[in-house]
Amino acid sequence: MSEFIAENRGADAITRPNWSAVFSVAFCVACLIIVEFLPVSLLTPMAQDLGISEGVAGQSVTVTAFVAMFASLFITQTIQATDRCYVVILFAVLLTLSCLLVSFANSFSLLLIGRACLGLALGGFWAMSASLTMRLVPPRTVPKALSVIFGAVSIALVIAAPLGSFLGELIGWRNVFNAAAVMGVLCIFWIIKSLPSLPGEPSHQKQNTFRLLQRPGVMAGMIAIFMSFAGQFAFFTYIRPVYMNLAGFGVDGLTLVLLSFGIASFIGTSLSSFILKRSVKLALAGAPLILAVSALVLTLWGSDKIVATGVAIIWGLTFALVPVGWSTWITRSLADQAEKAGSIQVAVIQLANTCGAAIGGYALDNIGLTSPLMLSGTLMLLTALLVTAKVKMKKS
């Protein structure tokens, strides 16, 4: 690796895009997303094997999001001048280690340790993903490079849950994570081969990132982001027990539902730019309102498989607008501090994922099967009301 560590120290002066490096980063992103969501489709066998409830098993998603939240806030201060190439390799190693620890976990504690390793990689990577991509291509090619990265995210979201469900039935949930560890090893070798030296900056200006929250409408926006993602994770983390017990889906049927959800999400992401051109605020208020209605429909009529499948498709199609919409809100309303605002956004989303999965799991175990749906629908409705009343939007 020394030959490429020594070269191109002036990354900012890059004149030709390094597409191999961009695709290696995109592959790493896809692997992180896939492994993050594997427990969603493997929750029941994981819980049975470890002798815990499905609600407790769902906390494997919670701990990943919780650790990722802190990693996203503090990673840039921690790594400072460290070459970003080494940092990305470390994230790929943590991804691989996480999969192996989960695969060999004989207790809930070891499972959580493995998922915490994933949280470090996930939060740290997302905090620096945009700046990393921008250093691999010339300025004119940045949008195309970012589209490759986020395209990998969309593809990973499409295949993660149905692939986990299908392979889990075929080879067992532990071997699914062993297969994911192999993907992690491929990440390591591809990054070593393709990623150039990307020297870190010794220090950043000591500006208070959280002072951004004092700007008009920003705090309301972050609260809305929190509620929308908490609502998503309160429902999606427990989609397997809800759909298998409420609608009576078997493993094969659930796999098809999850695949439909993923395809709908991919289509929603593809259409999001067209919708957001019309009105970002309308999309940010309208999407959670549709999701709130969908949660109500599933609660009342979810025992019908056709209704349950339709709700999954509508949910995937609609929620796809949410992350793209809030990123657009940041680039328009906080363009002068987009990097700092993005860091706060990542932390808020991870905190929301933590709280949504945790409270949803508690509700599932202690209140009832449809309680995660009711929690999700309530949060989505509150999000729609808050966006309508308080969130400010600058025109592009």
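For all residues, glycine too, the Cβ spot is worked out from N, Cα and C.
Keep in mind it's a predicted model, so treat the numbers as computed, not measured.
Annotated features, as they stand in Swiss-Prot:
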TOPO_DOM  1-21  topological domain 'Cytoplasmic'
TOPO_DOM  43-54  topological domain 'Periplasmic'
TOPO_DOM  76-85  topological domain 'Cytoplasmic'
TOPO_DOM  129-147  topological domain 'Cytoplasmic'
TOPO_DOM  169-175  topological domain 'Periplasmic'
TOPO_DOM  197-215  topological domain 'Cytoplasmic'
TOPO_DOM  237-255  topological domain 'Periplasmic'
TOPO_DOM  277-281  topological domain 'Cytoplasmic'
TOPO_DOM  327-343  topological domain 'Cytoplasmic'
TOPO_DOM  388-396  topological domain 'Cytoplasmic'
TRANSMEM  22-42  transmembrane segment
TRANSMEM  55-75  transmembrane segment
TRANSMEM  86-106  transmembrane segment
TRANSMEM  108-128  transmembrane segment
TRANSMEM  148-168  transmembrane segment
TRANSMEM  176-196  transmembrane segment
TRANSMEM  216-236  transmembrane segment
TRANSMEM  256-276  transmembrane segment
TRANSMEM  282-302  transmembrane segment
TRANSMEM  306-326  transmembrane segment
TRANSMEM  344-364  transmembrane segment
TRANSMEM  367-387  transmembrane segment
Exercise for the section: Helix, strand, coil: count each for the residues of the topological domain 'Periplasmic' (237-255), based on DSSP. Expected result: 13 helix, 0 strand, 6 coil
Problem - Arithmetic mean of per-residue pLDDT over the topological domain 'Periplasmic' (237-255) - result: 88
Problem - Stretch-level contact, the transmembrane segment (367-387) and the transmembrane segment (282-302), CB cutoff 8 A, at least 3 pairs - result: yes
Exercise for the section: Tell me, please, if the transmembrane segment (148-168) and the transmembrane segment (216-236) are in contact, taking contact as 3+ Cβ pairs under 8 Å between residues separated by 6 or more positions? Expected result: no
Handout entry: Positions whose Cβ lies under 8 angstroms from the transmembrane segment (306-326), at least six residues beyond its ends
Key = 221, 225, 228-229, 232, 235, 239, 243, 246-247, 249, 257-258, 260-269, 271-273, 275-276, 280, 283-284, 287-288, 290-291, 294, 297-298, 345, 349
Handout entry: Intrachain residues whose Cβ lies under 8 Å of the transmembrane segment (256-276), provided they are six or more past its termini
Key = 41, 150, 154-155, 157-162, 165, 239, 243, 249, 283, 308-309, 312-321, 324-325, 328
Fill in the blank from the handout: Spatial neighbours of the transmembrane segment (108-128) not adjacent in sequence (6+ beyond its ends, CB under 8 Å) are 28-29, 32, 35-36, 39, 46, 50, 52, 56, 59-61, 63-73, 75-76, 84, 87-88, 90-92, 94-95, 97-102, 343, 346, 350
Completion exercise
Sequence-distant contacts of the transmembrane segment (344-364), meaning Cβ under 8 Å and at least 6 residues beyond its ends, amount to 54-56, 58-59, 61-66, 68-70, 72-73, 119, 123, 126-127, 209-210, 212-213, 222, 225-235, 237-238, 241, 323, 326-327, 330, 371-372, 374-376, 379
